[in-house]
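Annotated in Swiss-Prot:
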- Cys60, Cys62, Cys71, His75: [2Fe-2S] cluster 1 binding site (BINDING)
- Cys98, Cys100, Cys109, His113: [2Fe-2S] cluster 2 binding site (BINDING)
- Lys55: N6-acetyllysine (MOD_RES)
- Lys55: N6-succinyllysine (MOD_RES)
- Lys86: N6-acetyllysine (MOD_RES)
- 1-14: transit peptide (TRANSIT)
Amino acid sequence: MRGAGAILRPAARGARDLNPRRDISSWLAQWFPRTPARSVVALKTPIKVELVAGKTYRWCVCGRSKKQPFCDGSHFFQRTGLSPLKFKAQETRMVALCTCKATQRPPYCDGTHRSERVQKAEVGSPL
């Protein structure tokens, strides 16, 4: 008669060792890589937009969005490991938002797109 002890015995040699934790982590690694992809140059000029006071925006960090300078979720579907920069406008005004993704003041343009490094880069390539 087989009792509860039979169920708890170690697997026979040669049997496939299933590790649910490893299986889950390898699945997660496909969608959330440990080393995020680098941002790519979306455009080499900033985009001027009117931000409305109190409204929350999501600025594209990865450079892959088709709705530049804002996020459309491309970072998730292309498995970049990057996330958009969420910010709230303090006042209604026109601003230049960076699309080269090299700014030191994200999401705002700081003129870095004029640098030789950005101008030599191809649109869609990482810096």
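Just so it is clear, glycine is given a Cβ too, placed from its N, Cα and C backbone atoms.
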Could you state the whole-number distance in Å separating the C-alpha atoms of His75 ([2Fe-2S] cluster 1 binding site) and Lys86 (N6-acetyllysine)?
14
Ten-angstrom check, please: count other Cβ atoms within 10 Å of the Cβ of Cys71 ([2Fe-2S] cluster 1 binding site), all chains counted.
22
DSSP secondary structure for His113 ([2Fe-2S] cluster 2 binding site), reduced to helix/strand/coil, please.
helix
Given the recorded positions Lys55, His75, which one's Cβ is surrounded by the fewest other Cβ atoms within 10 Å?
Lys55
Checking the binding-site residues Cys60, Cys100, His113 against Lys86 (N6-acetyllysine) with a 10 Å Cα-Cα cut-off, in sequence order, leaves Cys60
CB contacts under 8 angstroms to Cys60 ([2Fe-2S] cluster 1 binding site), restricted to the same chain and 6+ apart in sequence, sorted by sequence, are Ala42, Lys67, Gln68, Pro69, Phe70, Cys71, Asp72, Ser74, His75, Pro84, Lys101
Which of Lys86, His113, all recorded positions, has a Cβ with the fewest other Cβ atoms inside 10 Å:
Lys86
To the nearest whole angstrom, what is the C-alpha distance linking Lys55 (N6-acetyllysine) and Cys98 ([2Fe-2S] cluster 2 binding site)?
19
Which one is it: of the binding-site residues Cys100, Cys109, which Cβ has the fewest other Cβ atoms within 10 Å in this structure?
Cys109
List, in sequence order, the residues of the same chain other than Cys98, Cys100, Cys109, His113 whose Cβ lies within 8 Å of the centroid of the Cβ atoms of the recorded [2Fe-2S] cluster 2 site.
Leu43, Lys44, Thr45, Pro46, Ala96, Thr99, Lys101, Ala102, Thr103, Asp110, Gly111, Thr112, Val118
Sparsest Cβ surroundings (other CB atoms within 10 Å) among the binding-site residues Cys62, Cys98
Cys62
Quick check for the class: what is the C-alpha distance, in angstrom and rounded, between His113 ([2Fe-2S] cluster 2 binding site) and Cys62 ([2Fe-2S] cluster 1 binding site)?
16
